[in-house]
């Protein structure tokens with residue numbers, strides 16, 4: 001596959017108002033998308049959602065201008081979670097959904113990501129087509145005039161998205177449950193509280209007052225420990241934190257202790273199995289998922305299917321083979337019997353439902369698995385040389401495999417958008433992990 005210049009593993013992302021998130025490139029992105037999705041007889045239609053960043057309005061206007069200039073119509077649904085754009089694209093039969101968000105990144109960043117009208121992220125090949133057009137001079141030679149120019153319509157999609165989620169659960173499924181929600185001052189703010197108030201007995205919502213510059217700031221899924229005091233003060237049964245665009249979640253137990261994303265996947269796999277919902281008794285995870293998840297699920301008759309890092313690859317595998325559950329350590333959870341993308345609020349509803357139905361505190365449920373230590377690091381490289389060509393790397397990998405045994409591993413990969421190699425070492429002995437990590441960094445830095 002061609003080297004990506006603009007798109008990373010989750011769309012285009014970077015500092016807002018600087019290339020490639022400047023106004024000019026955003027207009028070109030809209031033009032390129034409209035050209036790729038152009039129809040023969042009717043206008044292409046795009047749904048656009050955004051998170052709460054101040055720069056979102058500017059980028060929304062620029063992308064919309066580019067789309068309309070190429071004859072596409074635009075439906076603006078405003079500040080909404082990323083999965084809402086995927087749902088909206090399917091519901092209104094749009095050609096694609098666009099979300100303006102930098103997810104868990106700081107407020108000064110922003111990004112652009114695309115969904116197909118089937119509610120899934122665009123495949124790599126389609127993103128590369130859009131990227132190629134953005135970078136081509138010929139894009140500027142296309143001119144649409146008069147009645148052929150596209151139209152922009154603003155729509156309130158909150159009721160439809162709320163109904164989509166609440167209808168997946170029984171109205172009484174969360175009764176007598178006290179829940180704390182941390183909306184990260186992000187896209188969950190307008191909808192998460194109302195959805196949970198329809199389902200739970202008592203809901204305490206925090207960090208739901210976005211200013212445009214406080215998204216993810218010491219709150220939400222990037223800082224779940226900061227929600228601990230709210231759980232403790234309110235004597236809640238569960239705490240749920242979302243990231244800036246609400247496509248993932250991290251939970252806290254009734255004691256205010258953070259529940260690792262891998263434990264969330266583990267518990268949902270057991271829940272799905274008990275309900276008869278777990279297709280082929282398998283769950284799709286990534287290379288970063290803790291090995292203890294594999295071991296503990298195997299004991300219970302559940303297989304793990306590992307794919308490359310990124311929820312798009314989890315979803316692709318799920319759709320390809322009909323799996324009903326997948327997720328990432330970071331908190332992206334895909335409930336395949338309901339949706340085609342990571343949805344933090346939807347996953348939160350069903351995770352809370354699992355806790356309620358168990359009749360046990362979350363701390364007890366989470367205690368069924370102990371995760372292996374992991375060391376996750378990165379090292380800058382001059383070029384992305386194949387690892388087998390780096391002097392000393394093959395020997396290091398063999399040595400690491402020998403030292404770590406079946407309960408550990410050394411995993412390395414190059415970033416798709418940066419000259420960086422990401423390193424993950426996992427196993428029972430943290431000191432050994434640190435040693436192997438340092439060895440890997442030195443060898444890769446010297447040889448790549």
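Note: Cβ is positioned from N, Cα and C throughout, glycine not excepted.
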Further binder of Mg(2+) named by TrEMBL next to 243, 245, 247, taken from the candidates 103, 116, 399, 402: 103
Other C-beta atoms within 10 angstroms of the C-beta of residue 245 (Mg(2+) binding site) total 36
Determine the most Cβ-crowded residue among the binding-site residues 243, 247, using a 10 Å radius around each Cβ and all protein chains in the structure. 247
If you skip the near sequence neighbours and keep only those at least six away, which residues in the chain come within under 8 angstroms of residue 103 (active site, phosphoserine intermediate), Cβ to Cβ? 10, 13, 51, 82, 111, 243, 244, 245, 247
According to DSSP, residue 247 (Mg(2+) binding site) sits in coil
